[in-house]
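First comes the structure, then the notes that go with it.
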Amino acid sequence: MYCAKLILLLGCFWISSSASDPADPLLVDLPNGKLRGRDNGNYYSYESLPYAEPPVGDLRFEAPQPYKQQWTDTFDATQPPVLCMQWDQFIQGDDKLAGNEDCLTVSVYKPKNSSRNSFPVVAQIHGGAFMFGGASQNGHENFMREGNLILVKISYRLGPLGFVSTGDADLSGNFGLKDQRLALLWIKQNIASFGGEPENILVIGHSAGGGSVHLQVLREDFSKLAKAAISFSGNALDPWVVQQGGRGRAFELGRIVGCGQASDSVTLKKCLKSKPASEIVSAVRNFLVFAYVPFTPFGPVVESPDAPEAFISQHPVDIIKSGKFAQVPWAVTYTTEDGGYNAALLLEKQASSGRELIVDLNDRWFDWAPYLLFYRDSMTTIKDMDDYSRKLRQEYLGDRRFSVESYWDLQRLFTDVLFKNSTEISLDLHRKHGKSPVYAFVYDNPANTGIGQGLAKRTDINFGTVHGDDYFLIFENIVREPQLRSDEEIISRNFLKMLNDFVLSENGTLAFGTCVFQDNVGSSKLQLLSITRNGCENLELESFP
């Protein structure tokens with residue numbers, strides 16, 4: 001049904017070669033009317049363009065509806081996108097509420113480049129654990145300096161507003177993923193009006209954005225929306241992406257906000273629709289065991305097969321094994337110390353005791369580990385959960401205690417369980433069951449400051465190459481210093497050329513600098529590109545290092 005609807009919508013393309021006025025490039029004509037953007041020196045921006053009706057009132061907890069309003073006046077596209085309502089880990093203090101429920105927009109950034117009439121397109125899905133973040137969380141000055149690509153940033157519903165689910169057809173969940181998909185359809189239909197090439201669209205994302213990109217790829221009709229995709233440090237098999245236990249969390253959410261009498265999904269949904277969005281989102285604090293743990297209490301789920309417009313109704317592993325996913329070139333990545341998110345927060349010194357949280361793990365490991373590493377709802381019994389916790393501790397720390405001195409072993413555990421292992425599994429499954437090229441790289445080149453220092457609130461620890469150290473060379477982020485080192489400047493330009501060449505490649509070839517990625521499909525071994533400050537190297541492996 002969803003696929004049929006997509007084909008119908010794609011059949012109604014509204015593409016006009018004269019949609020942008022050559023005499024006034026800030027003025028763009030869309031089916032909804034005219035809009036005016038901003039001149040930023042070396043690029044134009046057209047921000048906060050609605051692609052869906054506001055998901056409020058009766059449209060809360062429903063699949064997004066295409067935006068149909070007509071503008072009688074010229075739409076002001078100079079306003080930066082608002083955050084979707086969220087409980088933001090990176091806001092200091094107890095009140096972490098931010099954003100607005102009416103937030104479903106895309107923002108378009110077009111180079112000033114008189115040497116070409118049209119541009120390939122990169123669509124970005126932001127990260128933030130499916131709980132926070134936004135289209136404006138990453139900058140785009142590095143990206144736009146090359147002048148070769150149009151960038152489109154997507155906003156989508158987050159946290160309980162985007163992902164609460166009772167596991168049945170009545171409150172199916174995955175609303176944020178459905179938002180992303182409708183935004184991709186909007187881009188396909190409208191980007192030509194901005195000078196974009198609808199036949200050359202690359203979709204990328206980092207962390208939860210990377211997991212989102214992979215989930216989009218796992219829909220067969222994604223091939224009608226994009227030409228290729230890259231998932232940076234996040235994929236559909238990461239244990240924090242698609243989780244179990246959603247129904248219990250949905251009814252617990254209802255109890256917290258005053259829907260305690262709801263005994264079925266229909267009643268719960270009706271009650272939740274009547275509550276202020278701020279109350280629903282603020283209830284996230286009740287699902288956190290300590291600090292911002294677990295970092296994804298609400299995220300993607302496997303929907304009931306009878307759910308209307310279900311996004312996925314099988315586990316990603318089963319979808320990949322079936323071969324019924326989009327056959328487009330896809331790359332998946334990780335960094336050598338990706339687990340710095342969220343392990344680094346355990347090194348923050350507590351105001352009350354003056355000691356680091358990591359010390360408390362010695363007494364709380366069996367309580368906290370299932371939430372830190374996302375196996376609380378996947379284990380059948382408490383004994384299974386405790387046995388796994390014990391196994392992990394023994395494997396990575398042996399008989400040593402948790403301390404600042406043993407932090408790197410804990411961070412290695414986080415990297416393996418939350419990122420690296422599932423990246424290898426995804427790659428292995430795709431090479432066995434896919435037809436289009438599938439690539440992978442590992443990045444090892446620590447930033448001077450990054451997300452590790454931000455979470456730990458200290459600069460005396462070496463965290464290695466943590467979550468985002470590669471992606472933030474493409475899109476600036478406040479967790480690191482804006483000035484790039486000379487080696488990072490080279491890598492940044494190589495990344496941008498990699499994106500440009502990938503989206504234009506007719507056979508799905510991917511290259512970085514002097515290295516051409518090796519395709520994993522049909523390969524007897526894993527093909528992994530290693531990227532460091534000294535260059536790049538193709539590795540052929542039995543398993544990831």
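Sequential numbering from 1, following the chain as shown.
Heads up, the Cβ atoms here are built off N, Cα and C, so glycines get one too.
What Swiss-Prot records for 1-19 is signal peptide. Feature annotation from Swiss-Prot assigns disulfide bond to Cys84-Cys103, Cys259-Cys271, Cys515-Cys536. Annotation source Swiss-Prot lists N-linked glycosylation site at Asn113, Asn421, Asn507. The annotation active site, acyl-ester intermediate is assigned in Swiss-Prot to Ser207 on the grounds of sequence analysis. The feature active site, charge relay system is assigned by Swiss-Prot to His467.
Structure with Swiss-Prot features highlighted.
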residue: Cys84; record: disulfide bond; Cβ contacts under 8 Å, 6 or more apart: Gly99, Asn100, Glu101, Cys103, Leu104, Gly134, Ser155, Tyr156, Arg157, Leu158, Leu161, Gly162
residue: Asn113; record: N-linked glycosylation site; Cβ contacts under 8 Å, 6 or more apart: Phe119, Gly147, Asn148
residue: Ser207; record: active site, acyl-ester intermediate; Cβ contacts under 8 Å, 6 or more apart: Gly127, Gly128, Ala129, Phe232, Ser233, Gly234, Tyr341, His467, Gly468
residue: Cys259; record: disulfide bond; Cβ contacts under 8 Å, 6 or more apart: Thr267, Leu268, Cys271, Leu272, Lys275
residue: Asn421; record: N-linked glycosylation site; Cβ contacts under 8 Å, 6 or more apart: Phe544
residue: Asn507; record: N-linked glycosylation site; Cβ contacts under 8 Å, 6 or more apart: none
residue: Cys515; record: disulfide bond; Cβ contacts under 8 Å, 6 or more apart: Leu529, Gly535, Cys536, Glu537, Asn538
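Residue density at Cys271 (disulfide bond): 16 other Cβ atoms are found within 10 A of its Cβ, drawing on all protein chains shown. If you count neighbouring Cβ atoms within 10 Å for each of the disulfide-bonded residues Cys103, Cys536, the highest count belongs to Cys103. Of all Cβ atoms in the protein chains displayed, 33 besides its own lie within 10 Å of the Cβ of His467 (active site, charge relay system). In this structure, the residue listed as 'active site, charge relay system' belongs to neither helix nor strand by DSSP; it is coil. Classification of Cys103 (disulfide bond) by DSSP places it in coil, neither helical nor stranded. Under the three-state DSSP scheme, Cys259 (disulfide bond) falls in the coil class.
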